[in-house]
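Straight from TrEMBL, the features:
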DOMAIN    1-81  domain 'Phosphagen kinase N-terminal'
DOMAIN    109-224  domain 'Phosphagen kinase C-terminal'
BINDING   S112, T113, R114, V115, R116, H175, R219  ATP binding site
Amino acid sequence: LEAGYAKLAASDSKSLLKKYLTKEIFDQLKTKKTSFGSTLLDVIQSGLENHDSGVGIYAPDAESYTVFADLFDPIIEDYHGGFKKTDKHPPKDFGDVDSLGNLDPAGEFIVSTRVRCGRSLEGYPFNPCLTEAQYKEMEEKVSSTLSGLEGELKGTFYPLTGMSKEVQQKLIDDHFLFKEGDRFLQAANACRFWPTGRGIFHNDAKTFLVWCNEEDHLRIISMQ
């Protein structure tokens, strides 16, 4: 950790990690741990290995945002152009969903729509600190829950582990298949035990898609 920090500090890296991880902040945070056991090294190791990172940090669990707030808060504010630690996400407001009209009834302008959200499962760390057993446990919970969907959401869960070439090609053709993370994610340990615990669900009409343990625990996607 000390050697990695010294190399970063001496480098010409333009990352937000280098900008905000001063020696004072480093010394303040280097012995801290979350309840999941995540350390400062877990947070910054991708940025220590990749000096060309734009940001250089990953949260290994939700608690990291508070335990390592002295590093996360200024980076988040800088990256998002002013989202301060005192700012809150506004309450959700989708308007009157029962009276939403067709924005393009003649089909002249809107070719397709896509809405995506990421969600995390409570009680688990994020990918950098997940164990192989936790990956498997989460996949089982997600697949069993999604298999209970009915109506237009009824579909199939495809585990990446043991996936046949035919199924793999079908998901590639549909642009549904996700790949192992890049070198930045790999350096953060966010791709361990690949492809264990990863999977894809989509409904029969291919308008509803869920990614399990790609970069987030869940990515839920609606397409039309």
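Here, residue 1 is simply the first one shown, and the rest follow in order.
Backbone N, Cα and C define each Cβ position, glycine as well.
If you draw a 10 Å sphere around the CB of R116 (ATP binding site), it holds 11 other CB atoms from the protein chains shown.
When the Cα positions of S112, T113, R114, V115, R116, H175, R219 are compared pair by pair, the longest gap among these ATP-binding residues is 19 Å. Burial estimate for the binding-site residues (R114, H175, R219): highest at R219, by number of other CB atoms within 10 Å.
Look at V115 (ATP binding site): DSSP puts it in a strand. In this structure, the binding-site residues under consideration are S112, T113, and the one with the smallest number of other Cβ atoms within 10 Å of its Cβ is S112.
Mean pLDDT of the predicted structure over the domain 'Phosphagen kinase C-terminal' (109-224): 95.
Taken residue by residue with DSSP, R219 (ATP binding site) is part of a strand. Neighbours of V115 (ATP binding site), defined as other CB atoms within 10 A of its CB across all chains, total 9. With DSSP states grouped into helix (H, G, I), strand (E, B) and coil, the domain 'Phosphagen kinase C-terminal' (109-224) comes out at 35 helix, 27 strand, 54 coil.
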